[in-house]
Amino acid sequence: MKILLVFDFDNTIIDDNSDTWIVQCAPEKKLPLELKDSYKKGFWTEFMGRVFKYLGDEGVREDEMKRAMISMPFTPGMVELLNFIRKNKNKFDCIIISDSNSVFIDWVLEATNFHDVFDKVFTNPAAFDSNGHLTVEKHHTHSCTRCPQNLCKNVVLVEFVGEQLQQGVNYTRIVYIGDGGNDVCPVTFLKKNDIAMPRKGYALQKTLYRMCQNLEPMESSVVSWSSGVEIISYLQFLIKE
């Protein structure tokens with residue numbers, strides 16, 4: 001039986017936020033104040049739809065956006081980690097659950113030749129329309145009150161594991177590798193044998209630390225990391241067990 005590795009994308013696989021990184025394509029590399037002020041909490045995807053429309057209206061085209069996106073640096077040790085997973089695909093299934101979008105993630109994985117490492121990518125669907133503007137839609141609708149309207153990562157994870165079980169695939173454990181506030185929901189639903197791996201110094205680690213201080217219930221182990229190389233060491237330990 002395999003281990004399921006679940007990755008966030010922004011500030012986990014790549015060392016930045018793809019949605020804010022793309023702003024460098026805007027005139028003077030910044031957004032107008034009224035556009036920035038139009039963001040409402042929980043409605044990030046709708047906000048990014050307006051950002052992409054603004055970029056398109058300003059004449060920013062697909063090739064320029066792609067060049068910017070594939071220039072994003074990987075998080076330290078992440079290239080080594082993804083190569084390690086590729087060499088051990090008989091032991092791991094690997095998915096991405098991300099609040100970025102399908103175009104950005106595809107560009108990065110294609111440019112770095114890491115598409116084959118991931119069995120599935122769950123994110124907000126995006127495409128260029130007939131005017132050459134990038135458009136983005138919600139990944140799904142859900143009833144979770146803890147998550148943004150467009151994506152509950154826990155719902156996605158539970159559905160994926162359930163579908164795999166129906167196909168006869170049962171995972172020995174889940175290892176969840178992430179950094180952000182929207183990774184808290186799936187991590188708190190992990191079971192006793194699972195491992196939450198928050199990036200050191202980021203929102204997920206701070207929230208889990210606070211939960212621990214408040215004695216809030218959490219079943220999984222927590223192992224923090226700052227480099228993908230540390231994750232390799234831990235995965236090597238797991239597959240030797």
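Glycine residues also receive a Cβ, built from the backbone N, Cα and C atoms like all the rest.
Among the features that Swiss-Prot reports, active site, nucleophile is placed at Asp8. Taken from Swiss-Prot, the feature Mg(2+) binding site applies to Asp8, Asp10, Asp179. Per Swiss-Prot, the feature active site, proton donor maps to Asp10. Sequence annotations record features per position, and here Swiss-Prot assigns substrate binding site to Asp19, Asp99.
The 10 Å shell around the Cβ of Asp179 (Mg(2+) binding site) contains 22 further Cβ atoms across the protein chains shown. A 10 Å radius around the C-alpha of Asp19 (substrate binding site) takes in these recorded positions out of Asp8, Asp10, Asp179, in sequence order: Asp10. Long-range neighbours of Asp99 (substrate binding site) (same chain, six or more residues apart, CB within less than 8 Å of its CB): Asp10, Trp44, Thr45, Thr123, Asn124, Pro148, Asn150, Leu151, Gly180, Asn182. Asp179 (Mg(2+) binding site) falls outside any helix or strand according to DSSP and counts as coil.
Taking the C-alpha positions, the distance from Asp179 (Mg(2+) binding site) to the residue listed as 'active site, nucleophile' comes to 7 Å.
If you draw a 10 Å sphere around the CB of Asp19 (substrate binding site), it holds 19 other CB atoms from the protein chains shown.
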